[in-house]
Amino acid sequence: MRLSLMKVPKRYLIVILTFISTCVCYIERVGFSIAYTVAADKAGVNQSSKGTILSTFYYGYACSQVPGGWAAQRIGGRKVLLLSFVLWSSTCFLIPLDPNRVFLLVLARLLVGVAQGFIFPSIHTVLAQWVPPHERSRSVSLTTSGMYLGAAMGMLTLPSLVKFKGPQSVFVAEAALGAMWSLLWFKYASDPPRSEHPKATAAGFGESLLPLKGNQKIKMENGGSASRTAKIPWKKILLSLPVWAIVVNNFTFHYALYVLMNWLPTYFEQGLNLSLQEMGSSKMLPYLNMFIFSNIGGVVADHLITKRIMSVTKTRKFLNTIGFVVASLALMALPLFRTSSGAVFCSSLALGFLALGRAGFAVNHMDIAPRYAGIVMGVSNTAGTLAGIIGVDLTGKLLEAATTASSDLSSPESWRVVFFIPGLLCIFSEFLFLVNSKYHLKFHFLIVHPWWVLLAYSIFSFRWSD
């Protein structure tokens, strides 16, 4: 095995390992949602309290996004990624899953959130160092598609594990997976040789949007030289309109993803009166579809760029627009499907095209700022994490209000606003990304805070419909 791995280009091995890392992370996230839902239902926990616990992870996750990018920039993404996995795996192994021990459970989810918040900024720092520009779309798409494969695997296998071994067994399994990945990363990952840096960072795509400050020259082993930044240009990053377009789209993507990931089991069981165990492999199809479409998006994007069919900017906008528009329609139509096959089809369509859209906005930060990919990813993912805090908790409150009004969640009206919110956000975000280069100062408030406007409107429409 060692001999065969030596024949694989190192950057491919790095991409494969980061793919596995995101897969394991999302097995953990889906696993907690499944295990906690079962344990909480047995303990009689209401929907609002469940939403609060499920959203606790994202508070810790939000706090560590920008620090994660900074740490990866300063001490290296490889080391930060390893430390993150060790921390969250240890927490999963040591903390019992008891819905009645609320403080301990909240503390554990905060710790896991903080630890996992370092992962994606570290991954993007590593990929920006190792992967040349013409391979970035499919490399990032493959890496992030691990999230969806992990979610699919979790949805397929973990309900049965909970049924036969109990909710706590999920924590043990997740800790074991995290420990095994940590050993693989420790053994096979390394920082790129200095001679590799120019391949990944030279020129970049639109790197001039965020120029270096305080450039210094460092001597390379091959006799050349490269620039090294002495100071991170925070002001240029935070005032860049392309960066804000990425931020808003990341918020929307994760709002839709986290709401479905945390509440789709509840929708199947209480909205459609289905059993997750009896649904078999069909319940994993939405996430499997994300895995497939994410990689399709990456391959298509790199093909359009390398064959000069479209410019980088047009390629990003094209895939982002298709992905978010189709996802929006599917999300808003989801409550209308009252059968297992219909709901699985509609949720698969929504999540699949959201994943396709990641070949647009999610790779764009490496286009505009390859040397600061971890920093920009940290800023962007902070917005994505806010989506988890707001979306998961708000959904719990909306469902609790629906339960109070109609005593159950089996009617389509109980779920209409839940799926309408991310659908509307998709339309707004897609439009913003499409026209960001023509952006006007008078729209500044909407660019920074679009979710508050849309959430307020959606809540108002929910109350009005009652």
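If you go along the chain as it appears here, the first residue is 1 and each next one adds 1.
Each Cβ is built from the backbone N, Cα and C atoms, and glycine gets one as well.
Curation plays no part in TrEMBL annotations; they are all automatic predictions.
Summarising the annotation, TrEMBL assigns transmembrane segment to 12-36 (among others). Beyond the transmembrane segment (12-36), the same-chain residues lying 6 or more positions past its ends with a Cβ under 8 Å from any Cβ of the stretch are 5, 50, 53-54, 57, 81, 85, 88, 92, 97, 99, 109, 112, 116, 119-120, 123, 126-127, 130-131, 139, 142-151, 153-155, 158-159, 162, 167-168, 170-171, 173-174, 177-178, 181, 184-185, 188-189, 261-262, 265, 276, 287.
What TrEMBL records for 14-441 is domain 'Major facilitator superfamily (MFS) profile'.
According to TrEMBL, the feature transmembrane segment maps to 80-97 (among others).
Residues annotated as transmembrane segment in TrEMBL: 103-128 (among others). Counting same-chain residues at least six beyond the ends of the transmembrane segment (103-128), those with a Cβ under 8 angstroms from any Cβ of the stretch are 14-15, 18, 21-22, 25, 28, 32, 53, 56-69, 71-73, 76-78, 80-81, 83-85, 87-88, 91-92, 95-97, 136, 139-140, 143, 189, 200-201, 365-366, 370-371, 373-375, 377-378, 381, 385.
Sequence annotations record features per position, and here TrEMBL assigns transmembrane segment to 140-162 (among others).
Cβ atoms under 8 Å from those of the transmembrane segment (237-264) belong to residues 29-30, 33, 54, 58, 151, 206, 209-210, 286, 320, 324, 327, 331, 347, 350-351, 354, 357-358, 360-362, 364-365, 368-369, 372, 375-376, 379-381, 383-388, 390-392, 395, 399, 418-419, 421-422, 425-426, 428-430, 432-433, 436-437, 439, 447-448, 450-451 of the same chain, restricted to positions at least 6 beyond its ends. Positions annotated as transmembrane segment by TrEMBL: 237-264 (among others).
Taken from TrEMBL, the feature transmembrane segment applies to 284-306 (among others).
Annotation source TrEMBL lists transmembrane segment at 318-336 (among others).
Residues or ranges marked as transmembrane segment in TrEMBL: 342-361 (among others). Residues 137, 140-141, 144-145, 148, 245-246, 249-250, 253, 256-257, 260, 264, 267-268, 272, 282-283, 285-294, 296-298, 300-301, 315-324, 326-327, 330-331, 333-334, 426, 430, 433 of the same chain, all 6+ positions outside the transmembrane segment (342-361), place their C-beta atoms under 8 angstroms from a C-beta of that stretch.
The feature transmembrane segment is assigned by TrEMBL to 373-394 (among others).
Annotated transmembrane segment per TrEMBL: 414-436 (among others), in sequence order.
Feature annotation from TrEMBL assigns transmembrane segment to 443-464 (among others).
Averaged over the domain 'Major facilitator superfamily (MFS) profile' (14-441), the predicted model reaches a pLDDT of 82. The transmembrane segment (140-162) shares the most Cβ pairs under 8 Å with 284-306, out of the stretches 80-97, 284-306, 318-336, 414-436.
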